[in-house]
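Feature list (source: TrEMBL):
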type	residues	note
REGION	1-32	region 'Disordered'
TRANSMEM	38-60	transmembrane segment
TRANSMEM	80-98	transmembrane segment
TRANSMEM	105-126	transmembrane segment
TRANSMEM	204-229	transmembrane segment
TRANSMEM	263-282	transmembrane segment
TRANSMEM	294-317	transmembrane segment
TRANSMEM	323-341	transmembrane segment
Amino acid sequence: MDAALSEPHNGSGPAEPSVAPSPTNGTARPPSTPEGIALAYGSLLLMALLPIFFGALRSVRCARSKNASDMPETITSRDAARFPIIASCTLLGLYLFFKIFSQEYINLLLSMYFFVLGILALSHTISPIMNKFFPANFPNKQYQLLFTQGSGENKEEIVNYEFDSKDLVCLTLSSVIGVWYLLRKHWIANNLFGLAFSLNGVELLHLNNVSTGCILLGGLFVYDIFWVFGTNVMVTVAKSFEAPIKLVFPQDLLEKGLEADNFAMLGLGDIVIPGIFIALLLRFDISLKKNTHTYFYTSFVAYIFGLGLTIFIMHVFKHAQPALLYLVPACIGFPLLVALAKGEVTEMFSYESSAEILPHTPRLTHFPTVSGSPASLADSMQQKVACPRRRRPHSPSAL
């Protein structure tokens, strides 16, 4: 998965897989100060925790929602087992693409793709906050964007997107950030998109039970180690891939201000994958009806410990580290030890999120071949479950 590193970077380029030190590229650079390094990694840790914490809280609301357009995607054990294989094929395909075709044109297409996804994801993220600022008498008109294919009995919906005036305001604000990112590739714009992607992923992607979470994390644990230590494929793709697929923070911020260019990075995969497991444990806590969030806070602390250990190992050995190597054992092991101590292992592994909180949730039947953004996952799922002739409301939050 993508993860953290520190290297010269303009805030828009690719993230190295896992955690890595600054590479030696022949360019003389002043060494980062201890204060700058501490600020950078502390900020990355804080930014990683925000989408996990708030995304988990929003996942509970999303699970209880009866609005079809806000329904989450449920990942089953079969999906979890296939995901590392699909991710590996996608990674290898991108590697071949960058070897065969011009990197400039590929990144141009990726920039446009993530520009659109970033606007939608950021709009969904800020929508609940913005709604609090609209006055009660705000003229909230309804709109619908509908594209169909064919006619008569063969008519099929391609896009059915319903929104209102409040959504337009959020989309407009998000578009400003999108244009800023597209033109400048500034690291702050990159982070806004990255945080939005992460929060949407934790909120909208739901594991159906703890066993599925263990299968997914275990498979990606092996995936991360193999592609980081076993080959140079992930490193090559990461260095060529220009998209907001990571969070960045400059280590020389204190010296250069907002124009700093020596970045530490954290890939979104190392936020979303453990994050959806932590969100599952929060829903499990709620299902116990004990008014405590023991497993959620335990896994949250475990994530802090795992990511902190990753950064420490990287800093000591000055070598790339697959972050899931440390995050997966921590995020699974800590809650399991608590369950053993409380005698609730059976309850933990028998808990079915889709049966108890999500009775109406469709199951994810396939994964897109592009990087797993919540917008593309939601759109692909809605096309699977929608009838050809039926008009179904879609809101920006669904995307």
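Cβ atoms are placed via backbone N, Cα and C, with glycine included.
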Quiz item: Under an 8 Å Cβ to Cβ limit, what residues of the same chain, 6 or more beyond the ends of the transmembrane segment (294-317), are close to it?
Solution: 3-5, 18-21, 37, 41, 45, 48-49, 52-53, 56, 266, 270, 274, 277-278, 281-282, 284-285, 323, 325-331, 333-335, 338-339, 342, 348
Quiz item: Should the transmembrane segment (38-60) and the transmembrane segment (263-282) be scored as in contact, given a threshold of at least 3 Cβ pairs under 8 Å and pairs 6 or more apart?
Solution: yes
Quiz item: the transmembrane segment (323-341): which same-chain residues, six or more beyond its ends, come within Cβ distance under 8 Å?
Solution: 1, 3-4, 18-19, 213-214, 217-218, 220-221, 223-225, 266-267, 269-270, 273-274, 277-278, 281, 294-295, 298-299, 301-303, 305-307, 309-310, 313, 347-348
